[in-house]
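The block underneath contains the structure these notes are about, expressed in structure tokens.
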Amino acid sequence: MRLSVQKFQRMNSNWILIISSSLILVSYLFNFITKKTNIPSVLLLISLGVGLRLFADSRGFYVGRVNDTLPVLGTVGLILIVLEGAMELELDRKKSKLIWQSLLAALGILLATAFTMATPLAIAYGDFHRGLLNAVPLAVISSAIAIPSVANLTDPRKKEFITYESSFSDILGIMLFNFVLMNDELTMASMLHFIVEVVGILLMSLLGCIVLVYLMSRITQHVKFFLIIALLILVYSLAKLFHLSPLLLILAFGLMMNNINLVIPNFLRKYLIHDKLDEELPVFKSITAESAFLIRTYFFVLFGFSIDLQSLTNPKVWLIGGIMVTTLYAMRAMYLKWILNIPLLPELFIAPRGLITILIFFGIPATMVLPDFSGVLLFTIISTNVIMSAGLIYYGRQTGKVIAAPELSDTSDLPAGS
């Protein structure tokens, strides 16, 4: 009996290794498909997960509680993806208008979309607070999908706008969700507390970034990059326990790493070893990109595996999901055109929902989740990614240029130095 059990355990562990490595190989294959077709790899990974679930069900296989793993993988993936995107951005005074536009777009579109979505939900379920809490996840753009999707845009300003906007959307979305979750009503006291919290986050982010950059330039041991990543994850998780928005720290650290001379004050710059930072930044970028690719692959496959396809057969899900998707694109189009006065192509289409949407939704207390809303969430994620894919293909044909998105694992374009 013992031999048979040991044999089963060996077979089980071997199959786990085979499946895990095969998923990475398939994900790399999806890279080439994405480059040729502009179909987001996220859709392909989710579809793969759905296919594996159908196969497992048909064979009677049982795979534990997948949903318990998703928040952990998603959080680590979000940190790595925002960090990788931020380290590709170069700051200068000429870009202050672009950054300001991106911040206004993220804030304006987030608030307009969330409150507009919450209105029909409040009418349907008779509770505006509950409706707003469920609407916020759908109002946030997923930087985990948007950033790699614009990596090959020929216009650098469009690429940087989407990178900043989606990162700001993630940060502001988490802050808005925490505010709505902790406050049933909008009062002066709650607003004052929120403002103090934001100022505190900014100060902590600045201080934390300076410390991390100092450590980066001073650590002499060979193993250091994963130490920095571990510290970022630790600080992020501790801040989340206090319902703060530590994603701002991740964005600020990435920007600071790539813009040392502009961001670090002169009186602190003398404590840094600049040659060492210049030498190690490309390596850190590469490790971050590869790690993000790995985590994201497993996350979206497991998310697809956890999907309840029966939820998409509910007409109510299609009705509410259709209203949500129409609302988010209407709000985005009006804000981009009338407020910011910028072209709609391709910015209008690049509004995918994905990893951050799922993570925020998981934070809603079970008693506050609206009926059938997990199906609406799935409908919105799939719809926005399909629309983004179609929009990128259309924009590429209009401009006569291919804009297929390389994945985060593609580090061939990394500079030799900063």
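Heads up, the Cβ atoms here are built off N, Cα and C, so glycines get one too.
TrEMBL: automatically predicted annotations, no manual curation.
Bear in mind that the values here come from a model prediction, so they are computed numbers and not experimental data.
Residues or ranges marked as transmembrane segment by TrEMBL: 12-33 (among others).
Feature annotation from TrEMBL assigns domain 'Cation/H+ exchanger transmembrane' to 24-382.
Long-range neighbours of the transmembrane segment (39-56) within the same chain, counting only residues 6 or more positions beyond its ends whose Cβ lies under 8 Å from a Cβ of the stretch, are 23, 26-27, 30-31, 33, 62-63, 145, 148-149, 296-297, 300-307, 309, 352, 354, 381-382, 385-386, 388-389, 405, 407. The transmembrane segment annotation in TrEMBL covers 39-56 (among others).
Within the chain carrying the transmembrane segment (103-125), a Cβ under 8 angstroms from the stretch's Cβ atoms is held by residues 131-132, 134-136, 138-141, 161, 164-166, 168-169, 172-173, 176, 320, 323-324, 327-328, 331-332, 334-336, 339-340, 370, all 6 or more beyond its ends. The transmembrane segment feature in TrEMBL is assigned to 103-125 (among others).
Non-local neighbours of the transmembrane segment (131-150) in the same chain are 40-42, 77-78, 81-82, 84-85, 106, 109-110, 113-115, 117-122, 124-125, 158-159, 162-163, 165-167, 169-170, 173-174, 176-177, 180-181, 296, 324, 328, 350-358, 360-361, 364, 368-370, 373, 376-377, 380, 385, 388, 392, 403, 405-408; each lies 6+ residues outside the stretch with a CB under 8 Å from one of its CB atoms. Per TrEMBL, transmembrane segment is recorded for 131-150 (among others).
Sequence annotations record features per position, and here TrEMBL assigns transmembrane segment to 162-182 (among others).
According to TrEMBL, the feature transmembrane segment maps to 194-216 (among others).
The transmembrane segment annotation in TrEMBL covers 223-242 (among others).
Under the heading transmembrane segment, TrEMBL lists 248-267 (among others).
Positions annotated as transmembrane segment by TrEMBL: 287-305 (among others).
For the transmembrane segment (317-336), the list of distant contacts is 105, 108-109, 112-113, 116-117, 120-121, 124, 135, 138-139, 311, 342, 344, 347-348, 351, 372-373, 375-376, 379-380, 383-384, 387: same-chain residues at least six beyond its ends, Cβ to Cβ under 8 Å. Taken from TrEMBL, the feature transmembrane segment applies to 317-336 (among others).
As annotated by TrEMBL, transmembrane segment applies to 348-370 (among others). Non-local neighbours of the transmembrane segment (348-370) in the same chain are 40, 42, 70-71, 74-75, 77-78, 81, 121, 125, 130-131, 133-134, 136-138, 140-146, 149-150, 162, 166, 170, 173-174, 177, 181, 296, 299-300, 303, 328-329, 332-333, 336, 376-377, 380-381, 384-385, 387-388, 390-392, 394-395; each lies 6+ residues outside the stretch with a CB under 8 Å from one of its CB atoms.
Within the chain carrying the transmembrane segment (376-395), a Cβ under 8 angstroms from the stretch's Cβ atoms is held by residues 37-40, 42-43, 46, 137-138, 145, 149, 307, 311-312, 317-318, 320-322, 324-325, 328-329, 345-346, 348-354, 357-358, 361, 370, 403-405, all 6 or more beyond its ends. If you look up TrEMBL, you'll see 376-395 (among others) marked as transmembrane segment.
Highest Cβ pair count under 8 Å relative to the transmembrane segment (287-305), across stretches 162-182, 194-216, 223-242, 248-267: 223-242. Through the fold, the transmembrane segment (248-267) approaches residues 79, 82-92, 167, 171, 201-202, 204-206, 208-210, 212-213, 216, 232, 235-236, 239, 274, 277, 281, 284, 418 of its own chain, all at least 6 residues removed from its boundaries and within a Cβ separation under 8 Å.
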